[in-house]
Amino acid sequence: MATASSPPAPAPTGASTSTASTRMRSPTIRTGRQRMAQQTLAKYSVCVKRSLPEDGNTVSPYSLSPVSSNSQKLLRSPRKPTRKISKIPFKVLDAPELQDDFYLNLVDWSSLNVLSVGLGTCVYLWSACTSQVTRLCDLSVEGDSVTSVGWSERGNLVAVGTHKGYVQIWDAAAGKKLSVLEGHTARVGALAWNADQLSSGSRDRVILQRDIRAPPLQSERRLQGHRQEVCGLKWSTDHQLLASGGNDNKLLVWNHSSVLPVQQYTEHLAAVKAIAWSPHQHGLLASGGGTADRCIRFWNTLTGQPLQCTDTGSQVCNLAWSKHTNELVSTHGYSQNQILVWKYPSLTQVAKLTGHSYRVLYLAMSPDGEAIVTGAGDETLRFWNVFSKMRSTKESVSVLNLFTRIR
């Protein structure tokens, strides 16, 4: 009895007290911690779900990356493919008797998508829509030959420069000669339209500008500044300035009303045939020099200041700006016979196209600005997808099935 009713023995001191206490409280502590963890986790999950805004710009707490979800989607999205320029022409036309003469301009592409080509004594028209070929004229009956062709801006008239110094105006659709302009004493190798006015450059070193609607001589304006043959002519896109290049290595700029050049550039070391006005920057002019020069130069014609210059390594025959991007294409003769595409103003090469076995003396651009045609003394015309966005960039398996005769 005494043993059962006696008070419990005092607890032992030291480590045994701590152990007993821990053992008694341990289940309670673990249960409390688990409950708190569950509550915290549930609360945390709800907070995370509510903290994500609809735009997804908040960084997920489960991600080790500090990049937002929108940015992650952007990074994971497929990169925009770079533009690929096919190195094989999508069409080749056989052009017999296409002359290998640096000073002539025998190919032009109209706004109505018709190509005009001077072959010997004849001018042929090729429709890019139907591939139909028609002969516009034959100068052999006059003992003459074709030295230049140029379409009017509306695409209904084509001017034909001749070896004897005449300029004939033809209605292309009707196949009818409308007039013959006289005034030059030597071959007419360069033509440039400005609305209803036509400028012609000749080996006689004179540029004649005439309104084809007016009677002969009444509207004639003579521009004399070159000491040798005029081989390049281009009007600016705003119709205010005319650039002319000559075999005297000069590049001259004229306004629409004066008879004296407003700018003269003498930096080129060879004939200047290649001329192109930028459609993107007012007053920006590009020019290219012949075999002894090989350079493409850029000019601010509003201030007269020279800009960039790059040595291409070969004769520069033609230049043309893209209508859609700040790029330009150049064609070359000795010694590369190639076609180059450049970015401006970095002047980095975008593409190099080869295929002609002679100098690439002729260049014209399609009215939509997507394709170019080049001509050479190898008597071929080659069509390239240089600035194309719509046409397929797949290279043809064989070029042989692309050949078509233009006459």
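Every residue gets a Cβ built from N, Cα and C, even glycine.
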Scan 58-80, 219-241 against TrEMBL and say which stretch is down as region 'Disordered'.
58-80
Can you name the far-off residues of the same chain, 6+ from the ends of the repeat 'WD' (223-255), with a Cβ under 8 Å from a Cβ of it?
102-103, 105, 186, 189-195, 199-203, 205-209, 261-266, 268-279, 282-283, 285, 287, 289, 293, 299, 301
On average, what pLDDT score does this prediction assign to the repeat 'WD' (139-180)?
96
